[in-house]
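Database features, via TrEMBL:
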DOMAIN    4-324  domain 'Kinesin motor'
BINDING   GLY85, GLN86, THR87, SER88, SER89, GLY90, LYS91, THR92  ATP binding site
Amino acid sequence: MMENIKVAIKVRPFIKREKDENLPIQWSVHGNSIAAIDAKLRKRSDGFDRVFDASATNENVFSTIVKPIVDAAVNGFNGTVCAYGQTSSGKTYTMIGTSKEPGIIPLAVDHIFDAVANTPEREFSLRVSYFEIYNERVNDLLSENVVELKMYKDTNDQVFVKCTEKVANSPENVMIIMNEGNTNRRIGKTNMNECSSRSHTIFRITIESREAEADSDGATQVAQLNLVDLAGSARARQTGATGVRFKEGCHINWSLSTLAFVIKRLSESQGAQRYINFRDSKLTRLLQTSLGGNAITAIICTVTPAALNETRRTLSFASKARNIKNKPQVNEVMSDGVLMKRYANQINEMKAELEQAKRAGPTEFLETEVLRAKMQEMDRINRYLEKCIKMLQARIVNDDSRNNA
């Protein structure tokens, strides 16, 4: 089933710098739309899933936009929550938050452990990884040496990185791991932000689960929840960047421009078979399954009411992203043992129906065309399933022979 990417707008309050400069308010929120104060630019931007005004908390954003995605991830669906916006618009505050107001990541972690505790019929295993894209390098933030990660493709042509994964035992344990990664994250001071993120980060929670019953023939579900804090877009003349900061800004703007172009192409090509080039940046390659793929995705666009043009650009990005459709599906990993159990159960069901048909009554009923056709179809299915089991058994015997050789 296709569904649109969820898009929310989050307007932050004025910060000290904006108050000190006595900047005017450029935007106002009206219900689920946002409009410029200037009458000449009064055209409203609406059609978003939610517009949060400056009084909204991270908890409000989580419960409305993010919580359904976290619930889906616990049930085997891939999920992505991404914060996008200009520098100093509140992306990191929204995703990580503070001790007084936790952000999306800590709120999601707490909710995952609550959901696991309330699902006793399944056994869960949780792992976390944390990496950044800095100057078009993918760095492992949980590695002692912050090593650069190579990108690979799996059998389904999906891009992945081999990074450090740590087992998650509790919400407190996960937050300790995340804080360890944050110490390796690239940040720097600019004119617009005292503590500006100089890289895009992806905090990934892998949720693996299976039915708790020992004799179950259910497959293992493996879902990934990506919590993405994008670096902010900004022009060099605004940030006052030079040297290293200028180079970082160029890479940030290039990857964000590539992301915007991919989203524009995807929004224009829904329902049509058109080639979309995700390969122009590491960011778009890593987000490929989240954009038009099999994940449930939400983008939280953070804006400041003091910036006219930057906020207009962010709203334009958000409007295009809202048109993208994904096709979420449960991710199952099925072992040979699980397959054999399923085949055996189906065969037993077929045999029971055959025996019931044979005991259906007098011989004349067995001669009817309808019943004969049904029995022939059951027999065909029975032979096919038995053949599948023999093939699997032969494969297991061969594997055992090789292992014992």
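Cβ coordinates are placed from backbone N, Cα and C, and glycine is handled just like the others.
DSSP assigns LYS91 (ATP binding site) to a helix in the three-state reduction. Within its own chain, LYS91 (ATP binding site) has ALA83, TYR84, GLY85, SER197, ASP229, LEU230, GLY232, THR302 as residues 6 or more apart in sequence whose C-beta sits under 8 angstroms from its own. Note on the binding-site residues GLY85, GLY90: the fewest other CB atoms within 10 A surround the CB of GLY90.
Sequence-distant contacts of THR92 (ATP binding site), defined as residues of its own chain at least six apart whose C-beta falls under 8 angstroms from its C-beta, comprise ALA83, GLY103, SER197, ASP229. When Cβ atoms from all protein chains are considered, those within 10 Å of SER88 (ATP binding site) total 27, not counting its own. Per-site Cβ counts within 10 Å over the binding-site residues GLN86, THR87, SER89 peak at SER89. The average pLDDT the prediction assigns to the domain 'Kinesin motor' (4-324) is 90.
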